[in-house]
């Protein structure tokens, strides 16, 4: 029972149904949605608060109130983002967490703003520079980068004419050894230097006073012969080596992700600092000085003791010149949120892996450079970023299109990742006459079903339960997916159960244990033969049943779409707010336009086909030489690796206390496996005969049915915690252990 809350309108003495509604509202308000708030939307006419009419709960019955308080309001920055959020709650649509439009800069948190800021901002106080990340920079890059600058400085001094650049490299050696708390500025050259004049003294714009004339190597860089000779020596001997070193540091730090500030530092140094003339580069440390001004508000960097008068601190920075580099931290753990043109940094870093996989796989066909195991691993890893790009493209197209286009795109490309691999494996098995590929495909189908029913929601419950003590979800929408899942599992395994009842048991070898012809026999490698009497049972009974099921399952899927998206949309109770982000009015700036998303979708699908071909090409040695059961390889690696982007999306939804979408991600994939992917594979075998038959082993049947029953039992009450998630995850690992120790399927 929800606790009673005071009525803000002062109507505490009103009817009982009104107080009951308010209590339901108070309970429902505790649940947060994706970028949204879940509240009681009472149908009140607009008007001043003093003249507002009574709520629906005071006008209608408690049943009306019950349907009123469970509506979810989603607030979005623009109409495109609102359409994407609405699609997340639609059955059959891909659930996508990332934004498909650029978020307004003022609406982002300070942590995220710091991720995208350039390293040319001088802050009031950077804090202590002695951090673990800065020490890591010193150990990985700082010492050898500084040493390289010293060597280049020595070379430039030896050339005589490059002495000014040698002095610059000497100063930069100290900077890159420990660049934190220091600033590099581009200063203006005094007119006397530009004109090449020499006098008794010169006025320093930086120090603000006259300085005595003295010989300085940088004074050699002026106009005329020495200027051109010095620049030529620098461009030939110094700059290429240092630019290459900074490029290596930039790539390495970018791949490590948390060290992206180091990558920005190196890129900015190579592009903005090294091309400058030496006399225009100024390096000096930042010093904190107290502000003598009175009456200023205390700042977080005052550093005083409680009770002392505030002493605001400011950073002493030269007023002349442009700040080029100013770095305080080498590492930032929040860079996992970093995105480039809407693409997460992990997907960006894994994209070159696709190119390496394709080049290595098709150029090195005889396996001279690497073996089949390495190529198979690279092909599987390449599927992950391609799955991300396909998901991003589908979400972008759906958010910018009407419902019909979005439904067609999701139905066509929603399962393209898995189907590409399955069809490629079946074609290869048919060409080689190897039944093992068909068994691996069945294991991958079962592994996807079991993993999405147990592991994906269980993991989301555990991770979300760490932050939220109890999480609630829409049990009615989960019930629709559960009903379709029961129907699909029953339909998929109906031919298997039929073969168990009417098939003929055939064993490979039998031994008489009691030496009595009428005694007990011990048999091995037994299976139900469907090809007895020239395959009469299979072709006359099992095959027509398979075709019937393959027609009924997609029809049931379409009925489910029509039910949830047309006639009974209220079960999801989604309302997109008309006022997107109060206080801000922004037009949609999409990351990918529809045409760009379509091109990326097609290219990603093409690359996915190539990677799937390489994976199936090099999986044969692993299946034949590995001591691990082929069941285990199919259930784990081949089933769950393509679903990693979906798992990440589910975890992000769970952390935002939106477990409904986390559960729907797993249920939607499981339903698509049974109602779309398997019928498509059956349809494919009609036009291209393969060894794939819709008859699964007993292990697949028992694991799938047990998983579906357990999932429905856990989701019965519409709420869960980390303990229930732990149960689902543990059951999943128990099933993996069963597959690991199971003998290989027949034909492998």
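One-based numbering along the chain as shown.
A Cβ is built for glycine as well, from the same backbone N, Cα and C atoms used for every other residue.
Over in TrEMBL, the protein carries these features:
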DOMAIN    132-182  domain 'Inner membrane component'
DOMAIN    374-494  domain 'Sodium/calcium exchanger membrane region'
DOMAIN    597-739  domain 'Sodium/calcium exchanger membrane region'
TRANSMEM  135-160  transmembrane segment
TRANSMEM  232-262  transmembrane segment
TRANSMEM  343-363  transmembrane segment
TRANSMEM  403-424  transmembrane segment
TRANSMEM  444-466  transmembrane segment
TRANSMEM  478-498  transmembrane segment
TRANSMEM  545-565  transmembrane segment
TRANSMEM  597-616  transmembrane segment
TRANSMEM  628-648  transmembrane segment
TRANSMEM  669-688  transmembrane segment
TRANSMEM  694-715  transmembrane segment
TRANSMEM  722-742  transmembrane segment
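The transmembrane segment (597-616) makes no contact with the transmembrane segment (232-262): fewer than 3 of their CB pairs lie within 8 A, with pairs spaced 6 or more apart in sequence. Sorting the domain 'Sodium/calcium exchanger membrane region' (374-494) by DSSP state (H, G, I as helix; E, B as strand; all else coil) yields 105 helix, 2 strand, 14 coil.
Touching of the transmembrane segment (628-648) and the transmembrane segment (444-466) is concluded from the presence of at least three CB pairs under 8 A, sequence neighbours closer than 6 excluded.
Contact between the transmembrane segment (669-688) and the transmembrane segment (444-466) is supported: at least 3 Cβ pairs lie under 8 Å, counting only residues 6 or more apart in sequence.
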